[in-house]
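Trainee: Take this structure first; my questions come after.
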Amino acid sequence: MELYRDASWVLEFIEAEEKRGQVAGSLQTLVFKSCKRFKLKTNPKHIYAMVHSCWGYRSFIETIMAKSGIMTGIPEKKGRKVFNRLTIMLLVHDMLFSKSKRIQMGKHPIKTFVVKHKTRLQSELARLKIKHGVRDLKELVKDDRVDRTPVRWIRLNLVKCADQIDDVIAELKRKFKNEVNDWRDIVPGSLYRDVYVPLLFGVHPTDKITSHELYKTGKIIIQDRASCFPAHILHPTGDDVVIDACAAPGNKTTHVASYMFAKEEPTSVKIHAFEKDPERAKTLRTMIKTAGVDQGIDVHVGDFTKLAKPDIFPNVTGFILDPSCSGSGIFGRQMIDDINTNKRDDSTTVEQQPEEITDVNLKTRLSKLSSFQFEIVKYAMSFPSAKKLVYSTCSIHPEENERIVIDLLLDAKVQEWGWKVRQRSGVMPDWPRRGLVEEFDDVFRDQKEALSLAESCIRVMPKEDGGIGFFAVCFERD
């Protein structure tokens, strides 16, 4: 019962976050965050496995529950239902949708209650399969909801292995004996060396990395390829001072450090990492320590725009800005978007969901996010010694990407400060997928200027480009 109880608490947490408009990140992020917050004893991986599968079928389970009448038969005590709706949903999932088709608990009143409705629940499931024309339950869930990358990317951490690069690569080749020339050819046991980011390698997502000594010692770090773009574009040296304004969990921060401390020991602070969430800040510190750069990075817990004042950090030369976004490029994000867009009660069935509500909610959410994104980038641009700044999101929406670039370029203060977009030649010029030119065409009359600005931006499509969806652009000034 403990597993179901803890999983129910996690789902309650996710729903509460949605009501406050604070749902951000993938389902996995939310599950692990809630497990830490409530100090749950159940293994978070077990909770995630249960919640992930249940949430994938959520709308169908709710339809089955509503039509079976199970929710109307819940016994009450002192005017309150004695069984939790989300716990019932988890039990129904395991009985109808799991591989074993079994509820994983011993004798318990809630199990007896759900099993009593088994025949009616199975009948509604059969009707649902007929209606959707499927035999296998997996066909009900779209492929784009699968929370798995086509490639697991790993990069060398030069802070730990700058003088051992050849040895580390040789060790990787010993483990992954089949070298391929295209990431699309990756199969279990194969290794691909990326052509866009130095010392980045791709392996099959089922291959075990975390148990390898190279990973345990921090010589290699798991990081999606697109997530490596900001540090590679910024390309700081040991002479720079960099702020990562929204740093947790710390992949981009430690990648920046890999450039800055590859040729020297990280004995003095050259990177300031800001994270306003205390729990995420703990994760950030752990990652920084594992990467071996805890002496070179100062972690500030709090809002970047309130803690970091230009007069306190007058020597900052570069910025990494990857603020909160819709996360629409993240695998499994569709499951979270269901929470944001399908606000319905238990009696609403799949076919009754009004699509226009989804559009309104999304537009409202994007409007709030883009306003925040614009303000945080503009604030970073006010630092007197800043010369280069990389803005990125894991979103596919132009409202959070190209339109932020446009708004910044048209801002009077930004123009006064001398900021401009770095041209394609200085922003991974060989990467083929660039910004959406039609977004710039709507604002800039000069078609050459519009094309140039679009070409200066980088876009990454989820899955088809080998990882998460992403956007990046570099601003600079003399």
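Residue 1 is the first one shown; counting continues down the chain.
Glycine is treated like the rest: Cβ placed from N, Cα and C.
What TrEMBL says about a protein is an automatic prediction, not a curated fact.
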Trainee: According to TrEMBL, C246, A247, A248, P249, G250, N251, K252, D303, D322 bind S-adenosyl-L-methionine; identify which of E264, E265, E275 is listed for that same site.
Mentor: E275
Trainee: Can you grab the distance from G250 (S-adenosyl-L-methionine binding site) over to C394 (active site, nucleophile)? Cα atoms, rounded to a whole Å.
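Mentor: Rounded to the nearest whole number, the Cα-Cα distance is 15 Å.
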Trainee: In whole Å, how far is C394 (active site, nucleophile) from A248 (S-adenosyl-L-methionine binding site) when you measure between their Cα atoms?
Mentor: 14
Trainee: Distance between C394 (active site, nucleophile) and C246 (S-adenosyl-L-methionine binding site) at the Cα atoms, whole Å?
Mentor: 13
Trainee: Quick check on the recorded positions: of C246, C394, whose CB has the lowest count of neighbouring CB atoms inside 10 Å?
Mentor: C246
Trainee: Record lists C246, A247, A248, P249, G250, N251, K252, E275, D303, D322 as binding S-adenosyl-L-methionine; longest Cα-Cα distance in Å?
Mentor: 19
